[in-house]
Amino acid sequence: MNKLALYCRIGFEKEVAAEITDTAAERGVFGFARIQENAGYVIFECYQPGEADRLAREIPFTQLIFARQLVVVSDLLQNLPTTDRITPILQKYQEVSPHLKLQQSSELWVETADTNEAKELSAFCRKFTVPLRQALKKQGWLNFKQIKDSGMTLHCLFVRSDACYAGYSYNRNHSPYFMGIPRLKFPTEAPSRSTLKLEEAILTFIPREEESKRLNENMIGVDLGACPGGWTYQLVKRGLFVYAVDHGKMAASLHETGRIEHCSEDGFKFQPPKRKKADWLVCDMVEQPGRIVALIGKWLSNEWCHETIFNLKLPMKKRYTEVRRCLQKLADELTQSGLKFRMQAKHLYHDREEITVHVRTWRH
């Protein structure tokens, strides 16, 4: 098993390929990406044995922008007999078991890519999971009961009913969600579906145990381009008082909470009220990414807030290059301002032609 499978949104295979190629090269690992347009995944094949496993351990999954999941995989197992698909899969795992501690595996995910064609396999995958899990357990695998983060998950990525990649991921360095997709339910009281973007961002960027410390009723938030209030809703739900900045109308349900002040202003010109620095800034404005980065840089450099989640709308071409350029520009500005910071960006499931960025700053 010397390949990586990286799941993604369809149409972003080239960005995933460019990112994993660059990230691997930074660690002295070289290979080539196999891209199939609109496949919903990319296969990165390493030149040297053992390097896919090394990348799966060493590349911080949280620093990959466009990948939803990171899995070490076998060659594609093709022409699996319909009467016995399990034996060839078991054989692949048995080949690597001498130098891989499969006894530390805790879960099995039989998955497909997130495409309409692949989803037709989802019913098959659910049914196949049970007998495959039983067969793997008979080998002494999938019984790991210790701290989940220290084990591994076994994956079978089916591309057809008779073809799959068998592999594994490290629990401490992967997406904890099946297919790399968090299943969020749209709250009926939210003003717009965009609310799911911020909910997923909070889930992705802020550890669950820290959420109540980092987002609570003692804090002030600013939402630039707030109308009708999908993102404001997520902050208000967590107790923040929010300055909702937009010329458009906010949902009446948010006014009724008493936790917002609607500022009918241009988001690019708004500044926080004097002596009331915001704790949080959120922004989901449809604007060129360069302008948004300059705006966020101004807020953070002036210390008008110390934590932010914002979206960057991507151009039609050279999306990966533009993302790298924008994030580097923001990082340079924060460094020149003498701020320490942590920055993370992700192409979330609820994002489309955009990525979501989280930045937290401090002085010491």
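First residue shown is number 1, and so on along the chain.
The backbone N, Cα and C atoms fix where each Cβ goes, glycine too.
Here Asp266 (S-adenosyl-L-methionine binding site) comes close to His247: these same-chain residues lie at least six apart in sequence, with C-beta atoms under 8 angstroms from its C-beta. Residues or ranges marked as S-adenosyl-L-methionine binding site by Swiss-Prot on the basis of sequence analysis: Ser194, Cys227, Pro228, Gly229, Gly230, Asp246, Asp266, Asp284.
Per Swiss-Prot, the feature active site, proton acceptor maps to Lys313. The Cβ neighbour count for Lys313 (active site, proton acceptor), using a 10 Å radius and every protein chain shown, is 16. For the recorded site, Lys313 (active site, proton acceptor), the DSSP three-state label reads strand.
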TODO: Determine, to the nearest whole angstrom, how far the Cα atom of Cys227 (S-adenosyl-L-methionine binding site) is from the Cα atom of Lys313 (active site, proton acceptor).
DONE: 17
- [ ] Can you grab the distance from Lys313 (active site, proton acceptor) over to Asp284 (S-adenosyl-L-methionine binding site)? Cα atoms, rounded to a whole Å.
- [x] 9
TODO: Count the Cβ atoms, other than its own, that fall within 10 Å of the Cβ of Asp284 (S-adenosyl-L-methionine binding site), considering every protein chain shown.
DONE: 23
Task: Other C-beta atoms that fall within 10 angstroms of the C-beta of Pro228 (S-adenosyl-L-methionine binding site) - done: 19
Open item on the list: Can you tell me how many other Cβ atoms are located within 10 Å of the Cβ belonging to Gly230 (S-adenosyl-L-methionine binding site)?
Closed with: 23
- [ ] Would you pick out, from the binding-site residues Ser194, Cys227, Gly229, Asp246, the residue whose Cβ has the largest number of other Cβ atoms within 10 Å?
- [x] Gly229
Task: Secondary-structure category, per DSSP, in which Gly230 (S-adenosyl-L-methionine binding site) falls - done: helix
